[in-house]
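Residues or ranges marked as domain 'tRNA-binding' in Swiss-Prot: 39-154. Swiss-Prot lists 411-506 with the feature domain 'B5', giving sequence analysis as the kind of evidence. Residues or ranges marked as Mg(2+) binding site in Swiss-Prot: 484, 490, 493, 494. Annotated domain 'FDX-ACB' per Swiss-Prot: 731-824, in sequence order, evidence recorded as sequence analysis.
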C-alpha cells in the first residue's frame, strides 16, 4: 500500500518526519519497505510562460523560446517539442536542477549556436510518465496569483509529496486504505482523526428493477446506485495527483472516483455504463444477478481478453449475460467511456475465499481482488458508496435516480472481556490499568470496567488477589476491526503494538533451571524404543486424506484439494498404503509402526464438535525367510504377529488379553474371523488382526499381513501413574506341571477360559498354555477338544503333590461351574 503523506495530513495532524513516521509504523506492525521522496524529482523546476517560440536558425526541429520565469528578463530556452508555442504555461528546469528520472543535470549550454538557459520539461522527464509526446502544458486558466510565474512547480505536478510504501499483515485488511493508516497514525500521535465528510445518500428504489443474489454467503451485501446525466471527462489535478502517488493512472472522472474510494476507504467499487447494460439485457426487465458461472459462458474483461469462465468464477450478470468478474474486474462491453451519460455504481461485499478462487481461476489479481481476498470491512460499505456518489455528482454532475440494496451482513457489534492479569501474564510486564485505558480507546475500542471474568478465558490463578490485578474491562470492538479482533488475545496484541514492543524489558530467570522432557513425551519415546526393539520401523503420514463417501470422516472446511479434504480417523489405512507401496517397489514386506493423531466427530453429549486422540498403529507380516537358500519360504502366522505385540506390551509392563470384538467394534480392514480386541487392566485399548482377504486381493498384497491400532492415552495414563518397576527374583525351586483337557463349545473363547483358570489356580500358578486343539471324530458336534498345560511353582519352597492337586481340583471345579465343558482328564 502506497501512502501519500500529503493526503495523510488531511486526515490527521502529525509532526513526524517521513523517516520517523516510517519507523513508528514499522514498530506497530506496518513495515515500510521504501520511502519515495517525490519532491526530489523536480527540485528546481518552476512555473514559466512561453512568450515566443521561433524556429531555430540552425535546426529545423528545434525552437528558440522566450520564457517568462517571473524575473525582469525572460530566459532563452531551446526546445525540441512540437507543441511548444507562445502562451503555454509550462514546467521549466532551471540551471543546476537535477532530474533523477532521466539522470540529467541542467546547465546553460549552446545548442546549435544558441545559448539555452534551462529546459522545458515533459512529464516523462519528471518521472510522471513512461513516455511523453511533448512538453507538459498546465491549464491556461491557472490561478497565477496563487501560483505566480517563477514559483515552485512541484505543487502543480503533485510532486510536493512523500510516499511510504508499506505492507500490512494478512489479517489487517482495514490497513489497505488511507483511512485505516490514518487511524493508526492518530493512535500513535494521540491526535484526532478527520474523516472525509460524507453526506448520507437518500434515494428511492430504482424503478422497474430486479436484484438477485444467488448465494448470500458469497455476496452478503450488494448496493447499486443509478445516476443519470453525468458528463464523463478528465479528472481535476488534485484527483490525478492522488492516484499517481498511489501508482494508478487517471482514466476519467467517474472511474477515478471509484479508484479514489478504493484507496481512501479500502472498499472496491465498479461503475457500469447503464445504457450499455440495458443493451446487454435487451427487452428483458432490467435485472442484475450475482451468481457463479455456468458451463460455456465467456466474458471479455477490461484488459481486452476474452475469458472462458469456470464454475468457480463469481459473476455479475445482466439479463443472463456476464458483465463482470465479481470483485475482480469489469467487462469491456459495459465500461464507462466518454460517451457515457448514465452509470450504475456497484458497491458490494464478496466472500474472501470465493473471490480468491474466482480470481485464480482466471489468473487475475487486481487492487480490488487483493482487498476482497483479505476481507473488506463490513462497516465501510455504505460510507464508501455515499462518498463516491457525492464526488461523482460534484465532478461529473448528474442526479441520483434510485438505489437497490441487498444486505445480509452479520451484526456489526462485538464485545470482549479483557483481564489485566491475563495481559500481564502474556506480556510479562507490569502494565498499569491507566495504560490500557489510554491505548485501546486511541485505537477505537470502547472500555468499561467490570468485575466479571470472561467465561471463555482461562481461570485466574488461585493466588491472584482482588484489586488492580483483578481488573477486568468490557471492550466494544469498533466495526472496522471485526474481522481481526475476535478474542481476548487479540486485544492484548493491540495493546502491545501501541504500548511498544521495545518497552518490554528483558527478564532473565532468577535461578537456572534444567531442561527436561514432559512426562508424556518421555513415555512416548519409551514406546517408540520398544516398537523399534521388536523390529518395526517408524513411519510418518500426513493427517489429511480424501473424504470419499465416508460420512464419519471429519471434513476440512477449505480443503487444498479433493485428496486432502478430510482428516484421518485411523492410522491403519495409511500403514496399509505404505505396505502396498513398498511391496510394489520390490522392497519386500514392510514391518512398521506409526504414532500420530486421529480425529472424529464428538458424541452429541460433548460440548466440543470434534475429538482428537493419539494412536499407535503397526503393520507386519509377509515372508520371514525371503531370499534365503537355506530355508523354504515361511509366511508369518497369526500367533507370531500377536506374539510380537504381546512382547512389546510386556516390555512396557502390561499383561494383555485378546478378546473377540462385537461386529460394531470390528474394523472393515481386518478379517472378521481373525481379529480381536486388545485389553489391558480391564479396558479395551485397541484391536489386532489379519488384513481382510478382499483388501489383500484388491491391493495385490500377500495374505499373511497383520495390523494393530492402539489408543495411546490409556497406555500413557497408566505408565505415568506407575512408580519404579519392582524386580521379582526367580524361584530356585522346581516347578510342577499338570495337564487338563475337556470338550468346550466352539463359541467359547480361549481367552475367557484362561481367565477363569488363572483366577481359580491362585498365586501358585506360574503359566498356562494351550497346547492342543482338536475337532473331528470323537468330539461332540458344535464342540472342540482343548488341552492346557498348567505350571505351578512357589518362590520359597518345593510344592507338594497335595498342594498342586488342590489347585488343580479348584481349576476343574471352576471350569465346570462357569462353562458348559466336559472334562476329559
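Note: Cβ is positioned from N, Cα and C throughout, glycine not excepted.
Small disclaimer: the values here were computed from a predicted structure and weren't measured.
Known features from Swiss-Prot, placed on the structure.
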{"residue": "484", "record": "Mg(2+) binding site", "contacts (Cβ under 8 Å, 6+ apart)": "171, 172, 173, 174, 490"}
{"residue": "493", "record": "Mg(2+) binding site", "contacts (Cβ under 8 Å, 6+ apart)": "none"}
{"residue": "494", "record": "Mg(2+) binding site", "contacts (Cβ under 8 Å, 6+ apart)": "439, 440, 443, 445, 485"}
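Mapped onto three states, the DSSP output places residue 484 (Mg(2+) binding site) in coil. The Mg(2+) site, placed at the center of the C-beta atoms of 484, 490, 493, 494, has further neighbours from the same chain whose C-beta lies within 8 angstroms: 171, 481, 485, 489, 491, 492, 497. Using a 10 Å Cβ-Cβ cutoff, residue 490 (Mg(2+) binding site) registers 17 neighbours.
In the three-state DSSP classification, residue 490 (Mg(2+) binding site) falls within a helix. In terms of DSSP helix, strand and coil, the domain 'FDX-ACB' (731-824) has 33 helix, 32 strand, 29 coil.
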